[in-house]
Amino acid sequence: MLYLEDYLEMIEQLPMDLRDRFTEMREMDLQVQNAMDQLEQRVGEFFMNAKKNKPEWREEQMASIKKDYFKALEDADEKVQLANQIYDLVDRHLRKLDQELAKFKMELEADNAGITEILERRSLELDTPSQPVNNHHVHSHSSGEKRKHIPSSHHSTTDHVPEKKFKSEALLSTLTSDASKENTAGCRTNLSSSSTNNVYNVNSSQPLTSYNISSLSTGAAAGAITMAAAQAVQATAQMKEGRRTSSLKASYEAFKNTDLLGISLSRDSASYSSSALASTLTQTLTSSATTDSRSGRKSKSNNKSASQQSSSSSSSSSLSSCSSSSALAHELSHQQTAAIPESDTNSQVDWTYDPNEPRYCICNQVSYGEMVGCDNQDCPIEWFHYGCVGLSEAPKGKWYCPQCTAAMKRRGSRHK
């Protein structure tokens, strides 16, 4: 995993080598320019004095001027060769970097399948300028925190850490794989301990994001989706009991329509996401139900029958919470499974193109496949892909691009 250190050590001398070669190329360029200026002056003097001197002198001067021209041409060729050597040097280091990145990607994929695509997308999101944030979801941040994104919570207790490593590890955090067993166990525990205040205190004091954090080997995309949905349900659980049912549906609709940082689900993590989400939703709703029952018992501590009624209502709330979370998880599973083909299609990102490679054609893409050149010497684009200009084979005779053709027609109509 020391690819970065090895590569940095390899290119340590590259800046000095490039500086020396560019300096040498600049000196050769000045030498050629000075030689050309002197030759132009000699040619002018030669033609001025040609009629006054003998033919032998003219031939001698002509041969000397030609010799100096050939020498300047050789220096110019050497300068071009030096530029090609510099290009090959940089290109060789770029190819080496691509190879090292490919090896590092293979190691990451071996440990966590599909993690490289998530990290690449996250890196692109961090490099793109931040968009205006909705005030209903996230408080306004300072310019130093523009790159931090909080999914859908009104309250933020996470300190800003700019390192990508921390954010990547946060994406790797997932919930337990056996969520269905924990879902049932959570319901039973809530029913059996409805009269114990210590259990209520523990459940209500733990933050939602601390539930069921397990190993990094499971799907990171499923963990991110589960965390976002759980935070939405946590905000719902804090509302009044009369508004909780309708607001839970609204929270689910808002979660379903959210892009969730652009992370696409893989087929392997879809089923896992639904089960882990069921476990998290169960614990959240169970915690809210027990909190309501605790407040009810606290206000009626002197009435024994009222306390028993509160305990029974807590049990019924727990049962309804478990059934609601299971139904919501089942519905989410269907939504995720239906969205998998589209997300797989849209998530195909080509990472092989060099960002410094020239762009051509009206599509502003790199050179690939068969291309045709515009015969207009002043064409700003010059090269076009066959498919972009509606060609299936090489055109016969001269060919002009649509822009140049339209410009020529406009000039022709003006002359008429």
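In case you wondered, yes, glycine gets a Cβ from its N, Cα and C as well.
Annotated features in Swiss-Prot:
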- Cys361, Cys363, His385, Cys388: Zn(2+) 1 binding site (BINDING)
- Cys374, Cys379, Cys401, Cys404: Zn(2+) 2 binding site (BINDING)
- 136-152: compositional bias 'Basic residues' (COMPBIAS)
- 156-165: compositional bias 'Basic and acidic residues' (COMPBIAS)
- 177-187: compositional bias 'Polar residues' (COMPBIAS)
- 189-198: compositional bias 'Low complexity' (COMPBIAS)
- 283-293: compositional bias 'Low complexity' (COMPBIAS)
- 302-319: compositional bias 'Low complexity' (COMPBIAS)
- 126-165: region 'Disordered' (REGION)
- 177-198: region 'Disordered' (REGION)
- 283-319: region 'Disordered' (REGION)
- Tyr360: site 'Histone H3K4me3 binding' (SITE)
- Met371: site 'Histone H3K4me3 binding' (SITE)
- Asp375: site 'Histone H3K4me3 binding' (SITE)
- Trp383: site 'Histone H3K4me3 binding' (SITE)
- 358-407: zinc finger (ZN_FING)
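Sequence features annotated in Swiss-Prot and their locations in the structure.
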residue: Tyr360; record: site 'Histone H3K4me3 binding'; contacts (Cβ under 8 Å, 6+ apart): Val366, Ser367, Met371, Ile381, Glu382, Trp383, Phe384, His385
residue: Cys363; record: Zn(2+) 1 binding site; contacts (Cβ under 8 Å, 6+ apart): His385, Cys388
residue: Asp375; record: site 'Histone H3K4me3 binding'; contacts (Cβ under 8 Å, 6+ apart): Lys398, Trp399, Tyr400
residue: Cys379; record: Zn(2+) 2 binding site; contacts (Cβ under 8 Å, 6+ apart): Tyr400, Cys401, Gln403, Cys404
Secondary structure tally of the zinc finger (358-407) (DSSP, helix then strand then coil): 9 helix, 8 strand, 33 coil
Cα-to-Cα gap, Cys374 (Zn(2+) 2 binding site) vs Cys361 (Zn(2+) 1 binding site), nearest whole Å: 10
Chain-internal residues, separated by at least six, CB under 8 A from Cys361 (Zn(2+) 1 binding site): Met371, Ile381, Trp383, Phe384, His385, Cys388, Val389
Local confidence of the prediction over the zinc finger (358-407), expressed as mean pLDDT: 87
Site of maximum Cβ density within 10 Å, from binding-site residues Cys374, Cys404: Cys374
Any further residue of that chain within 8 Å (Cβ to the Cβ centroid of Cys361, Cys363, His385, Cys388) of the recorded Zn(2+) 1 site: Tyr360, Ile362, Gln365, Phe384, Gly387, Val389
Cβ within 8 Å of the mean position of the Cβ atoms of Cys374, Cys379, Cys401, Cys404: remaining residues of the chain near Zn(2+) 2: Asp375, Asn376, Ile381, Glu382, Phe384, Tyr400, Pro402, Gln403, Thr405
Densest Cβ neighbourhood among Met371, Cys388, Cys401 (recorded positions), 10 Å radius: Cys401
Neighbouring C-beta atoms (10 Å sphere around the C-beta of His385 (Zn(2+) 1 binding site)): 18
